[in-house]
């Protein structure tokens, strides 16, 4: 006797009318900074002096950050000021697919970037041979293919559940946890599968990143120059801070998808990885870099 859903209504970040304009201008500002910062990195890293594997990966990371924010934020901004917060069934499927694909791809890319830094610091003499152009392209392609597989599986599995209402989603975009809450069938099997996927997509790359940086830090400790050690430690700590924030928000969201009591907290965590982190990445990975700043000062 359930009516199958043909569209959904997104509740947004907050239902309080007095906060809507503040949310709109705040998120609009953050989104603008995301676009400006990441587009700047995409443009700067094509400079001839920055044709190295590290900057190639940074360029791809910036593209993924722009895409992630653009899949979520424009619809959210429209919904904040509009009375019509509906999204079609097909639109919801597309949004979920894109978000999962981009997030999974970025995780695998971050692992590849950590490996690149490990080879650069710990195997400097073999670096050109190991991180060749072909190897870098293969790592990016592998990240994209892995993200696509994860996205296809998760999207197909979520929408194979009987989603029978209510059609209102207590979220600001179509994501796995709020959609699972709409299911009128037993989702325990899917939840177990999602835990495995979370471990494969988030925790496994995170462990590889930690292992890479552990080896890097071990090599740094053997550097005689205190200034060089401090600079490298500062860079590593910044990278690890962003990655840890990304890991924590992702795991807390997806390990307990049917925990309805924590949906408001999950919205904040989702806002972090779809909106805040794409703004931080250019600052942490690139704009603090001496070579990037020199190119910017010279005006490319």
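Cβ atoms here come from the backbone N, Cα and C positions, even for glycine.
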168-194, 195-221 - the one TrEMBL records as transmembrane segment: 195-221
Sequence-remote partners of the transmembrane segment (268-287) [C-beta within less than 8 Å, at least six residues beyond its ends]: 13, 27, 30-31, 33-34, 37-38, 40-41, 44-45, 58, 61-62, 65-66, 68-69, 71-73, 99, 103, 171-173, 175, 238-239, 241-242, 245-246, 248-250, 252-253, 293
Leading stretch by Cβ pairs under 8 Å, where the reference is the transmembrane segment (195-221) and the options are 56-81, 87-115, 136-159: 87-115
Residue numbers, six or more beyond the limits of the transmembrane segment (233-256), whose CB comes under 8 Å of its CB atoms: 103, 107, 110, 114, 175-177, 194-195, 197-198, 202-203, 206, 209-210, 213, 216-217, 220, 262, 265-266, 269-270, 272-273, 277, 280-281, 284-285, 288
